[in-house]
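Swiss-Prot annotations:
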type: DOMAIN; residues: 126-564; note: domain 'Urease'
type: BINDING; residues: His131, His133, Lys214, Asp357; note: Ni(2+) 1 binding site
type: BINDING; residues: Lys214, His243, His269; note: Ni(2+) 2 binding site
type: MOD_RES; residues: Lys214; note: N6-carboxylysine
type: BINDING; residues: His216; note: substrate binding site
type: ACT_SITE; residues: His317; note: active site, proton donor
Amino acid sequence: MSRRAYAEMYGPTTGDRIRLADTELLIEVERDYTIYGEEVKFGGGKVIRDGMGQSQLSAADVADTVITNAVILDHWGIVKADIAIKHGRIAAIGKAGNPDIQPGVTIAIGAATEIIAGEGLIVTAGGIDTHIHFISPQQIDEALASGVTTMIGGGTGPATGTNATTCTPGPWHMERMLQAADGWPINLGFLGKGNASRPQPLVEQIEAGAIGLKLHEDWGTTPAAIDNCLTVADDTDTQVAIHTDTLNEGGFVEATVAAFKGRTIHTYHTEGAGGGHAPDILKVCGEPNVLPSSTNPTRPYTINTLDEHLDMLMVCHHLDPSIAEDLAFAESRIRRETIAAEDILHDLGALSMLSSDSQAMGRVGEVIIRTWQSAHKMKMQRGALAEDSARNDNFRAKRYVAKYTINPALTHGIAHEVGSIEPGKWADLVLWEPAFFGVKPAMIIKGGMIAVAQMGDPNASIPTPQPVHYREMFATRGGALARTSLTFVSQLTLDAGIGARYGLAKRLVPVRGCRTVTKRDMIHNAWQPAISVDPETYDVVADGALLTCEPAAVLPMAQRYFLF
């Protein structure tokens, strides 16, 4: 059987290479967990039939769902395997079938097992977006359809504060937002407002349900507020996210780093145009306690990036273009040199995460697509990474997928539940046809159940006739919704019994390990260079090397995918 014929029947195997969408990125299957000649496949005349690939075992001893012959792309590897789901969690990665008659079976299929055909598909962990302004609930539909299954941030709707900052302020708003979370088929966590110089206003927000706290310059990110917020976080094992002081009113970047006192913090907008200390916020990438992320409007740097940012910034931060000081504030944040350096710092693993900044200078449905566009641009401009071979871009792919999966999960203390495809974790999985990888998922699974899929006319005789578009599936309806998605809170919240007090239906899961994670723990993205930014030219130098690149004029994963 030729390799081509085998791949068409059972999907790629060890040594086969797959192009990601229309990029120049190639991944190569490193290992095949299935056994040649013993593969399982569902369909008429196929293997998964009673007495053949399907065993006589009862429900307790078989998988609830098996994704057959899928290529897994995750931070830990690129492998071909069957994936078992049981009770909403990933149960195993291995070889599925009937252990009574087949060798090497690690996943039993029975009458209680549903099958999802993964032949020819790539499976990734559900994306995690940790920079959400909850301005409109419709963002969740867009995010979920793009492959994001967990959203962390703050807000209360299109309030002026939420339009600019990712904070859900105070116990009353926190209770209302947690109640609203019960209505959406996605994992959610809310950040309280961290801008206060005394502990009690912050502690009460964490008790009320906050997953962590957010410091934002628009509320006054002073050294005193930073110190107080991190002290409360240390006491409650929660994470702090920070948008630093663009105007350098409360101090320069050195004063902010000093206020951290070596404590762990997630720095939003560690990048070219999102805000923070101008012009040298990128310096914090070299700090061992700083977990840096950037947002997707500047990803990747293109010929259009600068032009779109000024108006975007004026709207999001409630600025008036007729006021000279407001205009100067906006222009200080948009620097081509630091945006270009951001591309390279992502490629070298100094910037550990990528998120959206939804409707507040960011596009909630484009975290994944812009991650892979950035990876493509860097390959075209900088060539293969030292860790990669001439045959594939496996390391680069692992580095970039980690930016929106495992590293955000580690940062916010939820990696014990989500962020990777590993046994025991919540079964949030995204299935992709390789030609549409990163652009349009084929199916999104939440908590082991199909939540969103590309579906044709519901009145048609088969599932595929036009119009085919994303439609919500049964995991988004009735009681299944609350049993297939999670709400993340602090242990303090859980101890306070807010689930019963608020009348919440979703399972509440406490975050953990938020205060011990460091830059060293950022998988494939742990580089800590010494960075300097010239205050006059904005040139960025990392470990003695000037970081600069040209803007892209053309990108993959773009117009050819969105003609209709």
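Positions of Cβ are set from backbone N, Cα and C atoms, glycine also.
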Beyond the site residues Lys214, His243, His269: chain residues whose C-beta lies within 8 Å of the centroid, for Ni(2+) 2: His131, Thr165, Thr166, Leu215, His216, Glu217, Ala241, Ile242, Thr244, Thr267, Tyr268, Gly274, Gly275, Gly276
Ni(2+) 1 site shell beyond His131, His133, Lys214, Asp357, criterion: Cβ within 8 Å of Cβ centroid: Ile132, Gly153, Gly154, Thr165, Thr166, Ala241, His243, Tyr268, Thr295, Ser355, Ser356, Ser358, Ala360, Gly362
Densest Cβ neighbourhood among His133, Lys214, His269 (binding-site residues), 10 Å radius: Lys214
Distance check against Asp357 (Ni(2+) 1 binding site) for the binding-site residues His216, His243, His269, keeping those with Cα within 10 Å: His269
Candidates His131, His216, His243: member of the binding-site residues with the richest Cβ shell (10 Å): His131
Per-residue pLDDT averaged over the domain 'Urease' (126-564), given as an integer: 95
Other CB atoms within 10 A, centred on Asp357 (Ni(2+) 1 binding site): 28
Rounded to the nearest Å - Cα separation of Lys214 (Ni(2+) 1 binding site) and His243 (Ni(2+) 2 binding site): 8
Candidate binding-site residues His131, His133, His243, His269, pick with smallest Cα gap to His216 (substrate binding site): His243
